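A.B. asks: Please read through the structure below; I'll follow up with questions.
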Amino acid sequence: MPWIQLKLNTTGTNAEELSDALVETGAVSVTFQDTHDTPVFEPLPGETRLWGDTDVIGLFDAETDMKEVVAILEHHPLLGAGFAHKIEQLEDKDWEREWMDNFHPMRFGERLWICPSWRDVPDENAVNVMLDPGLAFGTGTHPTTSLCLQWLDGLDLNGKTVIDFGCGSGILAIAALKLGAAKAIGIDIDPQAIQASRDNAERNGVSERLELYLPKDQPEAMKADVVVANILAGPLRELAPLISVLPVESGLLGLSGILASQAESVCEAYTELFTLDPVVEKEEWCRITGRKK
């Protein structure tokens, strides 16, 4: 069904309070948007870090009397009579279908294709990973995922064990298995990611070779020939002592989810135990790889 959107501008400090006000007047959802497209990276767990100048956007049912909503909001101490706002009618769309229509097969490296499960593969002789990531997890379109997939495609993974630290949709672990790895282990803090990875592994016929764990359940003394972690620079630095022990001696490490400007600080956290390769950049992101000393 169609919706009505009400947008108002405020400071990051007041955004949460105005979000509550919109919900109280009938908004079915509220989102925050940066007015000036200023990036904010790595909020702490449980933290909603907002921009200094923030648009607060409420979504209302199409039958909502928006004049009444505005009249109520005018009594809010942060707004007042005649407060600046924009009301817009949104056309009805099947958002999931629109997203599916825009997700096409993509090639990474020489052998690997990531293909939506609802599309035909472009090359039946290639290494094809059939992916149904849902709306929340990786599809290969982000530069960091692409960097990791290209790295895996260039490795000889035959008979190897691979750990995907922060597995999301399972795209990296499953790609490793399809590229010849004997076993892959996926770890993620989100139970939905574990389920998405499990579903995608079954779709690709590799579920018997993929182990999936929440951090609290992962076995002690886990080791792998190859470890890949596509998360964020902050966690990569903080978890360096944990991640660094996962590769076997002379094992390989691949890290991404890192802005190019953050590469040096991440390298510093791993250089003691790894011989690092030159950093590879794509757009504003980068990949760090190395071998265990």
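Using N, Cα and C of the backbone, Cβ positions are placed for all residues, glycine too.
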A.B. asks: Among Asp123, Asp188, Asp190, which residue does Swiss-Prot annotate as binding S-adenosyl-L-methionine together with Thr145, Gly166, Asn230?
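C.D. replies: It is Asp188, as the record lists it for that site.
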A.B. asks: Given the S-adenosyl-L-methionine binding site residues Thr145, Gly166, Asp188, Asn230 in the record, what is the largest Cα to Cα distance, rounded to whole Å?
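C.D. replies: Farthest-apart Cα atoms in Thr145, Gly166, Asp188, Asn230 are separated by 16 Å.
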A.B. asks: What does DSSP assign Asn230 (S-adenosyl-L-methionine binding site), in three states?
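C.D. replies: Assignment for Asn230 (S-adenosyl-L-methionine binding site) reads strand.
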A.B. asks: Residues with Cβ closer than 8 Å to the Cβ of Asp188 (S-adenosyl-L-methionine binding site), same chain and 6+ apart in sequence?
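C.D. replies: Asp188 (S-adenosyl-L-methionine binding site) has long-range Cβ partners Gly166, Cys167, Gly168, Ile194, Ser197, Leu212, Leu214.
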